[in-house]
Amino acid sequence: MPVQGSLRSLVGAVNSTPTASPHLRPATNQTEPQCLEVSVPVGLFLCLGLVSLVENTLVVAVIAKNRNLHSPMYCFICCLALSDLLVSVSNVLKTAVLLLLEAGALAAQATVVQQLGNVINMLICSSMVSSLCFLGAIAMDRYISIFYALRYHSIVTLARARRAIAAVWVASILSSILFFTYYDRTAALLCLVVFFLAMLVLMAVLYVHMLTQACQHAQGIARLHKRQHPVQQGWGLKGAATLAVLLGVFFLCWGPLFLHLTLIAVCPQHPTCNCIVKNFKLFLALIICNAIVDPLIYAFRSQELRKTLKEVLLFSW
């Protein structure tokens, strides 16, 4: 099956510089049906990366500054921000290098460029894997805090959290090396897809279980205070909306990229599959959008973190 170069497309982030041509353009040839290819302008791509870079840098700086935020939960959030930060940095760096090379402003030997590209490729792949892992870790941490509240501090200790974080980083680096080495194997692509599906199922099961438990708890309190059903229903709708945002953002931002990999592995020669695969840069831009949204969902909802963020911003002025 001709999958050579497919994983390089994943870890290579932008194998060619996004053009500033019209955002929607039909891609046609004599053998393929008309396709709708979405072009991401290079300026927009770089802006998204820079916004994510600034946002996640602030999260890491705030958590590092405030000792009250050095709990296991915030350690996982900090590592998620660091992973998203690396995703943004590596993609912005690769795009900038490609632009400089095309403009002739950067002169380097082919071997040096190749080695630099390999390093950036591995950084992109490892940061994506670690980002998915820490999203799962945050879901598990919240699950334990709800269902094992009395034993939470004995189960999720800072030492265990640090060991788990170290294991995630080591596993991410090793997996990126393996994926990059065996990029021409269909199995490598399918492993990535299975890993994404496993994280999606894990998060869905944990958050749905947490929502049902919270709804039951709210109903119990309502009965105790003899409240009416609209209050219970309103709380349930709020919880369902939160769950929809958590899983919806995860699926919408990460799903297209892994659909891209699945189609490359399953139907690389099919015209319809080829039409979808051509939108790789759009899928990559969605990953960077996820890196922008993650701090809003997981970090900035904390009152303590927002308070420290204000102090950091005021001090910087």
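One-based numbering along the chain as shown.
Just so it is clear, glycine is given a Cβ too, placed from its N, Cα and C backbone atoms.
What Swiss-Prot lists as topological domain 'Extracellular' is 1-37, 94-118, 184-191, 267-279. Summarising the annotation, Swiss-Prot assigns N-linked glycosylation site to Asn29 and lists sequence analysis as the type of evidence. Among the features that Swiss-Prot reports, transmembrane segment is placed at 38-63, 73-93, 119-140, 164-183, 192-211, 241-266, 280-300, with the record citing sequence analysis. Annotation source Swiss-Prot lists topological domain 'Cytoplasmic' at 64-72, 141-163, 212-240, 301-317.
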Secondary structure tally of the topological domain 'Cytoplasmic' (141-163) (DSSP, helix then strand then coil): 20 helix, 0 strand, 3 coil
Most Cβ pairs under 8 Å with the transmembrane segment (38-63), selected from 119-140, 192-211, 280-300: 280-300
Candidates 73-93, 119-140, 164-183, 192-211; stretch with most C-beta pairs under 8 Å toward the transmembrane segment (280-300): 73-93
The transmembrane segment (73-93) and the transmembrane segment (192-211) contact flag, 3+ Cβ pairs under 8 angstroms: no
Chain residues outside the transmembrane segment (192-211) and at least six past its termini with a C-beta under 8 angstroms from it: 7, 10, 129, 132-133, 135-136, 139-140, 142-143, 146-147, 179, 239-240, 243, 246-247, 250-251, 254-255, 258, 261-262, 265
Number of helical, extended and coil residues in the topological domain 'Cytoplasmic' (301-317), per DSSP: 14 helix, 0 strand, 3 coil
